[in-house]
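Asker: Below are the structure tokens for one structure; questions will follow.
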């Protein structure tokens, strides 16, 4: 390909990108300079081989301790699980490393079908978006026949802080985070209206629970959840784990 042809191809691609972003394509290629959208490195810094080896070794050591102290000592628990699962709970919890629900609630393997995500949010029913969450709820309710769905918020939640910090019209800093936490927008608006006199941190503490309520309401938009609640075969429960004070609260709407 000639230099001129390559230049024309690059200009055509730049014009297409610019037009897709809502900026008119320039009529004169000589005066065109593409707009810089983002210039932040996304790759992580290289990890030293020794640190990587130590991290992997930590996982192997952890598993060996689990196998020796738990798996090998509880055949009555693990043998039936080889044939299938029949959990009583479905748990939505935050991906925060400080709030593992199996540890904090003492749940044994096989007891809880668990979904963890940023700020433990449940989106409303939509077949064209968030299918991963929808499929998990459908499988838990329709196939596994769980009896309780619990949505658990927690103290010092970074996702909730991100939600409360969102400014209308401001550019997103992440590829996915802001769009995801906007699921809790109704809760944010309620807290902003009813708790305007509180500090930012105090509003966050209220929003941690109010966002759980929004997720519980969103669960009711799934037809199979609504049917289970109406039939009395399914219960929806909100929870909040405060690891600062060591408290766990539960409630029903």
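Using N, Cα and C of the backbone, Cβ positions are placed for all residues, glycine too.
Relevant sequence annotations retrieved from TrEMBL are reproduced here:
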{"type": "BINDING", "residues": "94, 96, 154, 157", "note": "Zn(2+) binding site"}
Asker: What is the Cβ neighbour count of residue 154 (Zn(2+) binding site) at a 10 Å cut-off, with all protein chains included?
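Answerer: Looking across every protein chain shown, the total is 25.
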Asker: With an 8 Å cut-off on Cβ-Cβ distance and a minimum sequence separation of at least 6, pull the same-chain contacts of residue 96 (Zn(2+) binding site), or say none.
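Answerer: Counting only residues 6 or more apart in sequence, the Cβ neighbours of residue 96 (Zn(2+) binding site) under 8 Å are 154, 157, 158.
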Asker: Who sits close to residue 94 (Zn(2+) binding site): which same-chain residues at least 6 apart have their Cβ under 8 Å from its Cβ?
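Answerer: Spatial neighbours, sequence-distant, of residue 94 (Zn(2+) binding site): 116, 117, 118, 119, 120, 152, 153, 154, 157, 159.
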Asker: Report the residues of the chain - excluding 94, 96, 154, 157 - with C-beta within 8 Å of the mean position of the site's C-beta atoms, for the recorded Zn(2+) site, in sequence order.
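Answerer: Residues close to the Zn(2+) site, other than 94, 96, 154, 157: 93, 95, 98, 99, 119, 120, 153, 155, 156, 158, 159, 160, 208, 241.
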